[in-house]
Amino acid sequence: MESMLKDFNVPANPSEEVQRRWRKAVGLVRNRRRRFRFVPDLDKRTEARDKLRQTQEKVRLGFNAYRVAFRFIDGVGSGENKQWEEGGEIKFENGLSEEARESGFRIHPDKLANIVHNHEIKVLRSLRGADGVASKLNVVLGEGVKSSDVSIRQKIYGFNRYSEKPSKSFLTLLWEALQDLTLIILIVCAVVSIGVGLATDGWPKGIYDGLGIILSILLIVLVTASSDYNQSLQFKDLDKEKKKIILQVSRDGYRQKVSIHDLVVGDVVHLSNGDQVPADGIFIAGYNLLLDESSLTGESEPVNVNEKNPFLLSGTKVQNGSGKMLVTTVGMRTEWGKLMETLSDGGDDETPLQVKLNGVATVIGKIGLGFAVLTFVVLIVRYLVEKALQHEFTSWSFSDAVKILNFFATAVTILVVAVPEGLPLAVTLSLAFAMKKMMNDRALVRRLSACETMGSATCICTDKTGTLTTNHMVVDKIWLCGNAKEIKGSQGTNTSSLEVSENVLTILLQAIFQNTESEVVKDKDGKNTILGSPTESALLECGLLLGGSFDAQRREVKILKVDPFNSDKKMMSVLVALPGGGNRAFCKGASEIVLKMCDKILDSNGESVQISEEQVKKVTDAIDIFACEALRTLCVAFKDINNTFDDNSIPDGGYTLIAVVGIKDPVRPGVKNAVQTCLAAGITVRMVTGDNINTAKAIAKECGILTEDGVAIEGPVFRSKAPEDMMEIIPKIQVMARSSPLDKHKLVTYLRSMFKEVVAVTGDGTNDAPALKESDIGLAMGIAGTEVAKENAHVIILDDNFSTIVTVAKWGRAVYINIQKFVQFQLTVNVVALMISFVSACVTGTSPLTTVQMLWVNLIMDTLGALALATEAPHDGLMNRPPIGRSVSFITKAMWRNIFGQSIYQLAVLFVLTFSGKKLLKLEGSDADDILQTVIFNAFVFCQVFNEINSRDIEKINIFRGIFSSKLFMGIVVSTVIFQVVIVEFLGAFASTVPLSWQLWLLSVVVGLGSIPVAVVLKCIPVETKPAKHHNGYDLLPSGPGLV
C-alpha cells in the first residue's frame, strides 16, 4: 500500500509543487466539491498572493515617497501652516453628519484615515499633532475615551472588524452533499425505475424500488450535511478564538483591558514589545518604539516611530520598545483590513494525514471501480446467456429493462460503497472535534497539522517561568548592604523593615520605580493595580511595601532614555534627569551580568564605595544561595552622570550595585505528575530558561526534569561547543540556563536534524519566533505570550500551564489512533461488500444486497462510522505508549491482520447463508428467498455493528473500556440497531425486506456477535517483528491473567 501512496506523502508545510502533485494524483472522486472543501484553492491562493504583493508595493512606494519628501516638509514655515489652519475646520468637517457634530466630533472618518494612510505629516502638524487630532475626536489624551461614547464612535467611525467570507448555510452543504456523482446516477436510475415500475406493476407497487433508493439517498444527504454543518460551526468558533487579542487602553481616566474588536477611534492604546498594532493611529509618547512593517510593505527593515515619524499602521508588530498611540482608523478603512480580506481567500494547508487518506481513498476507489465494472459485466453476460438458453434472446420487455437497470444500479452502488469518500473527511471531522475539546482544555489550535504532529512528539523544550511555575511572583528576599533580608507582607501592608539608612532606601526605591516598563495605576474603585510583566510587578509591589509611591517618584524626575529588557541582553536600563541637576542611570537584570558591570557597591550610609574581591564573593554567594532556594535573582544598580547627556547611549559599565533581589515563583501544582506522564510516554522534557543555572536546576529537580545522569548547561557554553561535541552532549541535556533565543533555536535545529526528534517548543517572547517556526510544534503562551509569538505558533496554551501541553500531546495521539480505528473499520466493510457482491453475481447472477440495503451499509460505514470512531476522547493509556514514529506506516500490520481476519469470518458466514441458507434454516414456501435475503442483510449489518465495537482498540482485547462514557459512540450504535429493526420490520416495501421471527433475529445478532471472539483470537496473533516498536506505540499484549 505504501508504495502506491508515494505521491501522497507530504510534509507538514508542503511546497505548492507538492500540493499540486498530490491533487493531480487523486483520480476517482465521487464528490469533488465536498472532498476538497477543507483543502486550499491553490489558484485563489496565488491570486491572493499577487494582490498582497501589489498592496505591499503600493504601501512601500508611499512610504518611500514620504521619506524622500519628509526633509522638505520638515522645513515648512509657520506661515504655510497658518494657511492650513484657516478654513481647516470647514475642510475636516465636510461630510460629517449632524449626529457626529452634536457628539463633539470635528473630523470626517475618511479625511482622518487619509492623514495616516498617506503619511500627511504637513496636515498633522497643522492640526497640532496628536493633541489637535484628539481635540477633534472629542477625547482627552490623559483620560481616554469615555465608555458611554463607545457606541456612537462605532456608529460614526466604524467597528474594528474585518469583512469575512460568510460561512456556508445548511442548505448549501445539503446541495454540496448532493453533488456526489454516484448518487446522481442512482437518482436517475430511481426515477427510471419508478417510470418503468408504474408501467409494469402499476400504483403503488411500481414505485417502491425507486422511491426506496430516493429515500435512502435523502437520508445519506441529510446525515452528511448535518455532520458537515456541525464541523463548519466548530471551525467558525475556533476561528473567532484565534482572532481574539486583548489590549490595554486608557478609558474613563484609567487603564483597562479590552478586546481588539471593541477598540474605537479616539482610544489611547498602550503598546509594548511583541504587540500587534491593532488599528491605524498616531504616536503620542514612548521609548525606542521600533515597528516591523514587513507584513504591509514586504520590507524587513524595522522602522522607528517617534514625534518625527508619528504614524502607526494596523497589522504591524512592535519589535522593540514601548509607547502610546491615538487610534484614528479602524476595521476596513485600514490598509490591513483590506489585506485581511484578500488573505482569507487562500485557506489553510491540508494536513499530511488528510493527504495520505486521499491517497488511500484513491487506491481503494480504483479497485472498487474495477469490481463494479466486472460485476456489471458478469451480471449482464449471465442474463444474456440465460435468455439465449431459454430462446428468449429476441424477446425483450419492460421487465428485462428493469432487470438491466437494477444490474446497473447494483454496480453503481458497489462503487458508492467501494470509494471510501469519508476517509479524508474523517480526518477533518476528528480534527474539528479534537480542536473543540482542546479549546475546553485551554489549548487553542492555530494550525490543523499540529493536532496530528503532537502525537509524534518525542521532545518538549519548555520555558520555566509561567509554564512550569505559576508566574505569580513576589520578592521573597533581598540582599542589601551586606545582609540578606526576608520580605513579608502583601496587598499594601507594610510589615517589612530593612533596617537601612534613608539614603539607601531612597536610591533603592528610585531604582525600582524609575527603571520599569510597568505602571501602578488606579482602577475604577480607586485601588492600586500593577500593570506589566510578573517580574516587574513583583518589584513594584515590593517598592510599595517599602513605603514608596510610584506617582511621586515619576513626578520627581524626567526620563531621558529607556533601553527596554530583551532576552538577548537580559537586562533593562534607563537614564533620568535628577531634580537637583545631573543625570542618573539605573540598570537591572540577570544577576551575574549586572554584577560584572559594577565596580562599586552601595554601603550602609548610601555612599558608593569601590567593590572588593571579598565583597564580590559575598554577592556571588548571596546569588547562589538565593538561586539554590529556587529564587529568581536580579541585581539592581545605578550610576550618576555629571556630564552632558548624550542621547545615543546609556552607560554599559561603572555602575554601583544597590541590591540583589530574590523573587519567588512557585512550581505549578500538577507539573511534576505531568512531567512523569511525559517520561512514561517516551517524551523527553528539557527546560530552556534565561534564569541563573542554580535557580534552573533547583526548579528542574522539583519538577522531576533534572535527573542524576542529566546535564544542566548554560547557553554561552552550549553555543561554543563544536558539532562533534554537540552529538555527545545534546541527548543528555535536561536544563539549559541563561539561554538566549538563538540558543533555543540552535538546540531545536540540532534535535530535529541530527537526532530526528519531533520537537515541541514553548515560547512567549518576540525573539522566540524563530524557534517556534523551526520546531515541529510551536506552543505559544496565551497569557504571557506576545502577539508575535502567538502568530508563529501552531498551538496557543491559553493558561500557560505545562499540564495543558501534556493534554495536547494526548489529544494528538488520540486523533491519529481514532483515524486508524475508522480506517480499519471502513476497509473491512469495503472488502466484504465487494467480495460478497462480486462472487454472488458470478455464481447466482444476483447481488445478495439490494441498492437500498447497500446505501444503508454505506451510511453506517461512512458518516456514522466516522462520527462513532473518529471522535472518541483520549484515555490515560495513550500516554503509556511510545510516540508515533515519523516514518511509520499509517495502515499497520496489526490493522491488516484485523481487516483480513474479520473479512474472512464475515465472508465465510455470509457465503454459507447465501448458498446453503435455505437448507440450514429450513426455509420453505414462496417467501423463503425473501426471508433468506433479509437474514443475510440483517447478519451483514450486525457484523458491521459489532466490528465497529471491535475497532475501538486495534491491539487490546478489552474493547469495552470506557464505552459507556463515549456517549456519541453509544448513541450511534443504538441508533443503527433501532433503524435496522425499523427497516426490516416496517419498511420492507422500500428496502426489499420481510419481517423476521425472533429466532432469525437472534441468529443475526449471534452472527454479528461472533466477530468479537474472532477479534480476540486475531489480537493474539503476533504480527510485529520488533516488539519495542509495536503498533504505533501500543504496548505489548500482556500474557496470563492480565491478557484482557
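Cβ atoms are placed via backbone N, Cα and C, with glycine included.
If you look up TrEMBL, you'll see 124-198 marked as domain 'Cation-transporting P-type ATPase N-terminal'.
Remote same-chain residues near the transmembrane segment (181-200) are listed as 30-31, 206-211, 213-214, 217, 220-221, 398-399, 401-402, 405-406, 408-409, 412-413, 415-416, 419, 851, 855 (criterion: CB distance under 8 Å, separation of at least six residues from the stretch ends). Per TrEMBL, the feature transmembrane segment maps to 181-200 (among others).
According to TrEMBL, the transmembrane segment annotation covers 206-226 (among others).
What TrEMBL lists as transmembrane segment is 363-385 (among others).
Annotation comment: TrEMBL describes 405-434 (among others) as transmembrane segment.
Annotated transmembrane segment per TrEMBL: 827-849 (among others), in sequence order.
The transmembrane segment annotation in TrEMBL covers 894-916 (among others). Cβ atoms under 8 Å from those of the transmembrane segment (894-916) belong to residues 820, 823-824, 827-828, 831-832, 835-836, 839-840, 843-844, 848, 932, 935-936, 939-940, 943, 947, 950-951, 954-955, 1007, 1010-1011, 1014-1015, 1017-1019, 1021, 1023-1024, 1031, 1034 of the same chain, restricted to positions at least 6 beyond its ends.
Residues annotated as transmembrane segment in TrEMBL: 931-947 (among others).
Taking Cβ pairs closer than 8 Å, the transmembrane segment (968-992) reaches residues 208-209, 211-212, 215, 850, 852-853, 856, 860, 864, 867-869, 871-872, 930, 933-934, 937-938, 941-942, 945, 948-949, 952 in its own chain, all 6 or more past its ends. Annotation source TrEMBL lists transmembrane segment at 968-992 (among others).
Annotation source TrEMBL lists transmembrane segment at 998-1021 (among others).
Predicted-model confidence for the domain 'Cation-transporting P-type ATPase N-terminal' (124-198) is 86, expressed as mean pLDDT. Counting residues 6+ beyond its ends, the transmembrane segment (405-434) has Cβ neighbours under 8 Å at 28-31, 34-35, 38, 180, 182-183, 185-186, 189-190, 192-193, 196, 209, 213, 227, 231, 234-235, 351, 353-354, 357-358, 360-361, 364-365, 367-369, 371-373, 375-376, 379-380, 383, 445, 448, 451-452, 811, 814-815, 818-819, 822-823, 826-827, 829-830, 833-834, 837-838, 841, 847, 850-851, 854-855, 857-858, 861-863, 865-867, 870-871 in the same chain. Across the domain 'Cation-transporting P-type ATPase N-terminal' (124-198), DSSP classifies residues as 48 helix, 3 strand, 24 coil.
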